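Working notes for the structure below.
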Amino acid sequence: MSFLFGNRSSKTFKPKKNIPEGSHQYELLKHAEATLGSGNLRMAVMLPDGEDLNEWVAVNTVDFFNQINMLYGTITDFCTEESCPVMSAGPKYEYHWADGTNIKKPIKCSAPKYIDYLMTWVQDQLDDETLFPSKIGVPFPKNFMSVAKTILKRLFRVYAHIYHQHFDSVMQLQEEAHLNTSFKHFIFFVQEFNLIDRKELAPLQELIDKLTTKDR
């Protein structure tokens, strides 16, 4: 949650996506922040009693987008066309970009370009009222969960790139506690609702095992 970052001014990579104050989703976000504050991440990700799963996934997806936005925003100076000519997560994993609409055939591109495509695409989904309705009583579409899964699968790749290619910079900036807490929260959330296939998590499986075994 964004409160992890305190009030320090931090540039975000893309504009922050705000949940309208006074809305039910805003109340859910506040509930999530309060339970996160207790320090028990396993409890914090659980669906609150009587709440709609789609709405809970929507609120948390927006929040993870904002968190990753901030985290990547802190290291953009180190993630350049020269330093990262391909979007990778270690030597074994390379990602090519396609969104199925503007770019149908996967293209090989640098990490900053890939992450720009990715975050712009996510932002477009979050801003689409037919996919992420913010008004009370407007139903979520039938394909909502599959879109949310694709968003989370792609956001995971930004964490994977940061951990594999930029962890030294993260440590230099003393951001590793923020990164680890954010990623642990993300993993507990996707595990709780089975939102990302295990094979997609392979680039960080060792880290995931380390972060999650302590809390079993």
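From the backbone N, Cα and C atoms, a Cβ is placed for every residue, glycine too.
Database features (TrEMBL):
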type	residues	note
BINDING	C79, C84, H161, H166	Zn(2+) binding site
Any further residue of that chain within 8 Å (Cβ to the Cβ centroid of C79, C84, H161, H166) of the recorded Zn(2+) site: I75, F78, S83, A111, P112, I115, I162, Q165
Number of other Cβ atoms within 10 Å of the Cβ of H166 (Zn(2+) binding site) across all protein chains: 24
Under 8 Å by Cβ from H161 (Zn(2+) binding site), same chain, sequence gap 6 or more: C79, C84, M87, S88, A89, A111, I115
